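Straight from TrEMBL, the features:
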{"type": "DOMAIN", "residues": "73-683", "note": "domain 'Myosin motor'"}
{"type": "BINDING", "residues": "G167, E168, S169, G170, A171, G172, K173, T174", "note": "ATP binding site"}
Amino acid sequence: MAQNYDVGTRAWQPDVTEGWVASEVASKTIDGPKAKLVFQLDNGETKEIEVSVEALQNGDSSLPPLMNPTMLEASDDLTNLSHLNEPAVLQAIRLRYAQKEIYTYSGIVLIATNPFARVDSLYVPGMVQVYAGKQRATQAPHLFAIAEEAFMDMLRSSKNQTIVVSGESGAGKTVSAKYIMRYFATREAPDNPGARSKKGAEAMSETEEQILATNPIMEAFGNAKTTRNDNSSRFGKYIEIMFDDKTNIIGAKIRTYLLERSRLVFQPLKERNYHIFYQLVAGASDREREELNILPIEQFDYLNQGNCPTIDGVDDKAEFEATKSSLKTIGVTDAQQSEIFKLLAGLLHLGNVKIGASRNDSVLAPSEPSLDRACSILGVNGEQFARWIVKKQLVTRGEKITSNLTQAQAIVVRDSVAKFIYSSLFDWLVEIVNMGLATDEVLSRVTSFIGVLDIYGFEHFAKNSFEQFCINYANEKLQQEFNQHVFKLEQEEYLREEIDWTFIDFSDNQPCIDLIEGKMGVLGLLDEESHLPMGSDEQFVTKLHHHYAADKHQFYKKPRFGKSAFTICHYAVDVTYESEGFIEKNRDTVPDEHMEVLRATSNQFLRQVLDAASAVREKDVASASSNAVKPAAGRKIGVAVNRKPTLGGIFRSSLIELMNTINNTDVHYIRSPSVWCPGNRSH
C-alpha cells in the first residue's frame, strides 16, 4: 500500500530502551529517484532516512511503521486499526491497559493482559448476565464474551467446543480459565433470570460447586511459586464441562499433563515446592503437628532450598482451610484428608533422610531418625527401605547380583521414590474428581461438552532442563494448531470462495515439531539412549549433534561452548537446553526392590493411592505404545526393544490425544501476552 510520508505523517521508530518511539516527518526532500525523510522523535531526537521514491510509493516494509489516528489507537479490536503493525498493536494494548481495559480483540482471538491486581468488578455475578445471550460484537471485550460465544456455538451446531488459554508463564492463564469455568457454572438464560434456583442467580447446583472446587485443589497440589509467577501451574489441564440436552451442567472430566515431578525434590532460588506442603506446615492442627512431627519449613530439605518460605499477600494457613473445604466438596472425607496429609508429611521426612558416604559407597542406617519417621508414616519396612536406597540389584543369566550405590546415586533413588509417591497421590486426586463428576450415569446423559485448556506457558530460563523441553514442545503443538486454524484453514476457505485477498505469510513450525517428535527426532534419540543400560546424558547430546548440528537442520543449533547442551529454535525464541538429568527424568523409574517394599505397605491409604495410580499408568503406557515412534528402517536399537514407555513417550502420546480432541471441536482462543510483574498472582 502506497504511503507518501508527507510532512506531518506520524510513524514509529525502533528504540533500544522503549521498544518504539513516536515520531513525525519534519521534512521531506526528493532528489530524482531518491528521497530524504527527516523525523522528529517525541523523545527530542532527530532521525534521517534516505530511501528510493519507488520504495515510498510501494510502501516498502523497511520504512518506519505508520501510526494510527489518535481516535483509533485504543480500539477494542485490533482489526479496526488503519495500520496493523507491531508497534501499533503494542500501543493499542498499552493504552487500553492504562485505562484498566485488560481485554482486547484481535479478530477471533481475545488478548488478555494480566493486571497484577484484583479487579473483582469484572467478574461479579451481575457481569455474567451482561454477556449471557449476547453476541460478542455488542459487548466490550471480555472472557465472558468468549465463553458465551462457545456456549451459543454449542447450542447452534451441537458440536463440542474448546477454549484454549495460552501464553507465556506468568501471563494469567490459570485465573482466566477459572473465571471461564465460573461463567458456565453461574450463567442463566437471559429470558429467564433467577430461574437457576429458588435461592437466586448466585446459587449453584452441587455438581457446579464440585466443578469449581476442583480449582483450589488442583492449584494446591499442582501449582508453585516460581521466579515468574507466584501461582505457576506446574502441570497442564484440560477440563471437559459436560452438558445434557437441556444445557444443564451435569458433570466434568479432567485430563492432566506432565506434572513437574522434579519440583518435589528440588526448587531453584526464590521458588517453592507445591503450595500444599506450605499450607500443611502452616495450618496443621496441634495434634497433627505432634503425630506427624511437622517441623518448621526451614527444617525440611524439600521446602527450604529456594529460601522462600512465604509468598507476599498469601496466607498459607487460610489457603489450607480453603483446600480442605474444597476436598470435602468433591467428596474427600475428613478421614481421607488426614491420610493425604500423613503421606505429605512422610514425604517431607523422606527428604530429610541423611545419606552418608564411606569411600565410594553410600551409607544409611535403618535407625536414621528421619528414615524411621518416614517409614512409620508410610507403613513400610525400614530395614528393607534403607537397604535398597544404598544398594541395587541386577539379574544376569538368572543370577541376582547386589552392588553398592554411591552417595549421589542413593540420593537419586531416595528422591525417585518420593517423586513416585507424590505423582501417584496427584493421579489419585484426579481420579477421585473424575469418579465423582463423570459417573457412568452422567456419561450416558452427556450431549456435548465445552473444554477449557489451561496448560503451562512457553518457558525460557537461564537454565532449561527436561521439564522446559516438554513444556515448550507442548506449546509448539498448540502454536501449530493455532496457525492451522487462524491462517491455513481460513485462507483455504478464501481460495474456495474465490475471495480476492493478499496472502498472509506466517511461520510454519511443522519442521520444528518434526525435529522433536519425528523418527530419529529428539524424543526418539532420548528414548533410545534411555533404554540403554549405560545410557547417559552426554551420549544423548553427542547423538543429537551428530544428526542435526553443522546446519543439518534449520531449527537445531550446537552451542559454541560446552558439550552438554543443545539449542532448539522454537517459534517464540531459541532455547538452549542443559542435558543433565534428561535420561534420569525420562526413564522416570523406581527400582523394583522399592516397588516391592511399597506394595507391602501396611498403610491402606497408600496402597489405595498406588493402585489407582497404577491403573492410570497402565492406560498411559497402552496409549504410548500405540502412538510410539517406530525406529528408522534398518536401525538396530538392541536392548531398547520392548521396554516400557518413557515419560517423554507418554507425554508425546497424551499430546497427540489432546490435539485430536481439540481438532474435533470448534476452537476459541484467549492469548495472554508476557507482561511480567513480581509479587501478585491474582486479578
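Note that Cβ sites are derived from N, Cα and C of the backbone, with glycine treated the same way.
This view paints the features noted in TrEMBL onto the structure.
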{"residue": "G167", "record": "ATP binding site", "Cβ within 10 Å": "22"}
{"residue": "E168", "record": "ATP binding site", "Cβ within 10 Å": "21"}
{"residue": "S169", "record": "ATP binding site", "Cβ within 10 Å": "23"}
{"residue": "G170", "record": "ATP binding site", "Cβ within 10 Å": "24"}
{"residue": "A171", "record": "ATP binding site", "Cβ within 10 Å": "24"}
{"residue": "G172", "record": "ATP binding site", "Cβ within 10 Å": "25"}
{"residue": "K173", "record": "ATP binding site", "Cβ within 10 Å": "27"}
{"residue": "T174", "record": "ATP binding site", "Cβ within 10 Å": "25"}
